[in-house]
Amino acid sequence: MIQYHDLLERILSDGTEKHDRTGTGTLSVFGHQMRFNLAAGFPMLTTKRLPLKAIVHELLWFLQGDTNIKYLRDNGVTIWDEWADANGDLGPVYGAQWRSWPAADGRSIDQIANIVEMIKRNPDSRRLIVTAWNPADVDRMALPPCHCLFQFYVAGGKLSCQLYQRSADVFLGVPFNIASYALLTMMIAQVTGLKPGEFIHTLGDAHLYSNHLEQARLQLTRAPRALPEMVIDPAVKDVFGFRYEDFTLQGYDPHPHIKAEVAV
């Protein structure tokens with residue numbers, strides 16, 4: 001995944017020092033795009049090990065419309081723990097906006113169900129968009145959406161997805177986001193009778209936290225290995241019917257994990 005290494009190198013060489021909400025400090029660039037051909041392998045970083053279980057369970061949690069960390073904790077995933085309240089609640093974060101966006105007239109809009117039907121009925125639509133950025137709810141969220149809007153595009157029997165991410169923690173968060181949205185694209189392609197095309201990742205403020213710089217330099221010394229293959233149970237035809245057991249990552253041979261602290 002040379003695209004990701006190029007981003008690390010750009011930030012380390014051209015990044016601007018910025019203050020941030022967490023008080024940690026960052027090196028930051030503004031505006032960056034990476035493209036991943038999903039037919040060329042599943043874009044899971046090989047220059048450090050990523051936890052597939054956490055990536056898959058978080059995505060399934062989003063798709064359930066859940067905003068409490070109980071499901072994640074029950075499945076051994078702790079990535080949202082720092083932001084949850086004493087009851088495990090996060091406020092109206094991703095799952096709520098994806099599955100039950102509150103309309104002004106009192107309706108609840110299921111953006112994911114709608115997008116699947118739109119892709120089936122009108123694949124050439126330029127309105128195949130899901131947004132998690134709801135200005136009316138942002139102040140009630142434990143953490144406002146970083147990956148905040150994505151759009152699908154159908155051409156030649158293939159489904160592509162472009163994600164806009166306003167804030168990108170490049171060392172810890174972005175590798176998760178790449179794998180998560182690549183997987184979501186594959187899942188929606190399967191249930192709409194399409195093949196996976198590209199995942200395009202567009203970043204706004206792309207940053208390395210000051211306590212991740214040495215880890216990024218270490219990662220850049222490692223040579224990328226062949227990408228793995230993601231195999232999805234072809235029997236699943238409902239985007240809300242997927243379970244963790246329906247996904248098998250074959251041929252994943254990464255370099256060892258690199259530890260880094262999350263900026264809260």
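Just so you know, glycine gets a Cβ as well, placed from its N, Cα and C.
Residues or ranges marked as active site, nucleophile by Swiss-Prot on the basis of sequence analysis: C146. C146 (active site, nucleophile) carries neither a helix nor a strand DSSP state and counts as coil.
Under the heading dUMP binding site, Swiss-Prot lists R21, R126, R127, R166, S167, A168, D169, N177, H207, L208, Y209. Taking a C-beta cut-off of under 8 angstroms and a sequence separation of 6 or more, R127 (dUMP binding site) has the following same-chain neighbours: M118.
According to Swiss-Prot, the (6R)-5,10-methylene-5,6,7,8-tetrahydrofolate binding site annotation covers D169, A263, on the basis of sequence analysis. A263 ((6R)-5,10-methylene-5,6,7,8-tetrahydrofolate binding site) falls within neither a helix nor a strand when secondary structure is assigned with DSSP, and so counts as coil. Just so you know, the Cβ of A263 ((6R)-5,10-methylene-5,6,7,8-tetrahydrofolate binding site) picks up 20 other Cβ atoms within 10 Å once every protein chain is counted.
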Winner by Cβ contact number (other Cβ atoms within 10 Å) across the binding-site residues R21, H207:
H207
Taking the residues the record says bind dUMP (R21, R126, R127, R166, S167, A168, D169, N177, H207, L208, Y209), how far apart in Å are the two Cα atoms that sit farthest from each other?
36
What's the CA to CA span in angstrom from H207 (dUMP binding site) over to A263 ((6R)-5,10-methylene-5,6,7,8-tetrahydrofolate binding site)?
12
Looking at the recorded positions C146, S167, Y209, which has the shortest Cα distance to A263 ((6R)-5,10-methylene-5,6,7,8-tetrahydrofolate binding site)?
Y209
For R127 (dUMP binding site), which DSSP three-state class applies?
coil
